[in-house]
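All remarks here apply to the structure that follows.
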Amino acid sequence: MSSAPNGRKKRPSRSTRSSIFQISKPPLQSGDWERRGSGSESAHKTQRALDDCKMLVQEFNTQVALYRELVISIGDVSVSCPSLRAEMHKTRTKGCEMARQAHQKLAAISGPEDGEIHPEICRLYIQLQCCLEMYTTEMLKSICLLGSLQFHRKGKEASGGAKSLDSKIEENAETPALEDSLSSPLDSQQQSWQVATDIENTERDMREMKNLLSKLRETMPLPLKNQDDSSLLNLTPYPMVRRRKRRFFGLCCLVSS
């Protein structure tokens, strides 16, 4: 080892030290910074889309609950049927639009079928599926209730004959309020046509939501397709990954907890 004339070790010059540091830790290129920036931006967009989809599913869940309360009110003597049917139509139309938007956003952020799936995406799939199933069930209930009350009114008109005003008022307290029992025959026919139109519109919306439910099940990620309904309720908090077959050597059996 070379040494200085006074016995001290010769230190490397500044140029040598700078070259050593440059070799040991090269600076980041412009492409590396671009990749890092694009990755964080993509993650931010995905999280924002996930939050939007979560809000849509929650709002759709609220619309389903509101529609269910309206269906329960069918036949209540304290509720005016024309206003009730108008509110049901408004709530049903808004709920169908929310369901379509939620399905589109959820399908856009779900990613590849055999890749890693965020647990929140799995939860949104299950929530949207349950809401759609309940939504179509409530539509079917409203169709049955409106149809039965319509049939009850027509049967009463056919067999009633001429009745006094007092008897009509007395029966009105016990008859479901599909329409005003004191209305004229012309008003009765018009309201009967409106009820039939509402039933047809509800049947159309129900078919559309059933088709949307079928599309949702088709686009559902594979880890959710391969599980039954009971296992879907117990989701792991970790990302779900498609299971692949593995070989184990030297084991007679494998018991999974």
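Every residue gets a Cβ built from N, Cα and C, even glycine.
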Between 152-171, 172-191, which stretch does Swiss-Prot give the note region 'Disordered'?
172-191
Suppose you had to name the range Swiss-Prot annotates as motif 'Nuclear localization signal'; which of 8-13, 242-247 would you pick?
242-247
